[in-house]
Each structure stands twice: as C-alpha cells, then as structure tokens.
Amino acid sequence: MSADAATTPLTPKESAGTTAARAKRRRGGAPLRGLLPLVLGLVLWQVLAPAQSPYFPAPSEWGRALLPLVKDGSLLTAIGWSFLTFVLGLLLATVVGAAIGALIGANRTVDRALGPTLESLRVLPAAALVPLATLVLGYSMQMKLLVVVLPATWPILLSVRTARRSLSPVLMDMSRTLGLGRGERVRKILIPALTPSMLLGIRIAAPLALIITLLVEIVTRINGLGGLLGFAQASFLTAQVYGLLVIAGALGFLVNWAVTHAEHAVSMRMTGGAAD
C-alpha cells in the first residue's frame, strides 16, 4: 500500500461502515467475554470441590451424571420438548399481546373497560395457574402453553399499548385524508410505529417464557428439561441436577442472545442501518 493511500481520509460512508463493523465485532465478542468469570468459577470449583461431596460435586461429576441421559437420547428429547413449548408459547404471547395492546392503546374506552380485569390477571403468579390448568387440561402440552402464554403476554401487551397511545392522532387523520385504506394504514403506519416496542416486549418476555416453561415442567414432572430436573431432584441425583442446571442456563443464554440479535437486525432493517 502506498503512503498516499494509507493517509487518504475515509469518506463519511466508509467511516460509517468501519464504525458499524467495529461495533458488530464488539457485540459479537461481548457474550464470550461475559462467560469468562463463569468458566473461571467452574475451574475453581473443580479444584476445590470436596471428594465425594453429596451436595457440592465437582463439575466433572456433572458431566458423568449426564452421560446416561445423553446415550439413551432422553436429554435431547427433553430439550426439544422444552424448546418447542417455549417457542410456541412466545409466538402465541406475541400475537395475543400485540393484538390486545394495539386495541386498548387505540381506544381509551376499551382500555377503561378491560383495565381492571387485565390488571388482576397480570399480578396472578404463574405457579398459581398450574393447579387449575392441570385440572381443566390435564398434563398436556395445552396446559403448559396456557401457563406460559398468560405471563409472557404482559410485557408485549404493555409495550404495544404504550406505543399505540403515543402515536399521534393527527398522523392517522392525515392518512385517512390522503385516502389510505385500513390495510395501508396498518402496513405503512401502525406496523412500523409499533414494531420497536413490540420487539422490546418480546426481549423481556422471552426469558420469562423459558423460565416458566421449566418451572411448569419441574412442578408437574411432565416431559421436558424441567421434568428431568424434577426427577433428578426427587431421586437425590445431585450431580445430575447441577448438570441439568448448566444446560438450562446455556439454553437461556442462547435464547437471550438470539432474541437480542434478532431485535437488532430488525431495527437495522427498519432504520436503514442507522441502529446502534
């Protein structure tokens, strides 16, 4: 490379591209750097763990305890069931939360009419739903989805409601004056205006949906990663409990990473690459 080429200043477009690339590299490396204290803690635990400890087995024993579950395929099957419940629950919560949030955000009369009922449901603990859900639906996928969807709906509903309320009525009136039909108003105004808030709600709801999925499986002992955890706890398989907790934590980490990156990708697409 010549000296002139090396000292030629970058154009604004090239500078923005370089900055974006550096930011992307920083975002990509941040999760791995965040795992370093956890890895160091596990190494320290392995070194200091008492021999044959019934309550604090070494991490190497966790792996050995999981081997039977890996060999017979039950671990992979359980992860698949939990992930399926989580994905379906989050999708249903997104549809329900976005629809109701947009409705009550657009109409204060509806908001006042439904507000007390929605608030009473919002503060209801997820665990309190399990007895009624199992009584009505049995130990089924439908029961798990019901218990997951109700709590996961609220972050999305509240975010979309707030965004819809803040949308200027003048903008909607202008769209009608310009002759935009209902479908065009939804596609060109409502969806772009509400999507960022909906994505924020999904980012909050996703880990909540995963936690509740595992909680329901632990309580009911039905198929899933939580079901394996509940069985291991009841059988006093301490090392297996630790190993399954690590897998649950890794699943939560991956879910959070995927949702965060999806939110960023959609924001970049909507803003033409101007998002941070």
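Heads up, the Cβ atoms here are built off N, Cα and C, so glycines get one too.
In TrEMBL this protein carries:
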- 79-263: domain 'ABC transmembrane type-1' (DOMAIN)
- 1-25: region 'Disordered' (REGION)
- 34-55: transmembrane segment (TRANSMEM)
- 75-100: transmembrane segment (TRANSMEM)
- 121-139: transmembrane segment (TRANSMEM)
- 145-163: transmembrane segment (TRANSMEM)
- 189-216: transmembrane segment (TRANSMEM)
- 236-259: transmembrane segment (TRANSMEM)
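Proximity of the transmembrane segment (121-139) to the transmembrane segment (145-163) is established through 3 or more Cβ-Cβ distances under 8 Å for residue pairs spaced 6 or more apart.
In this chain, the transmembrane segment (75-100) touches the transmembrane segment (236-259); three or more CB pairs sit within less than 8 A of each other, excluding pairs fewer than 6 residues apart.
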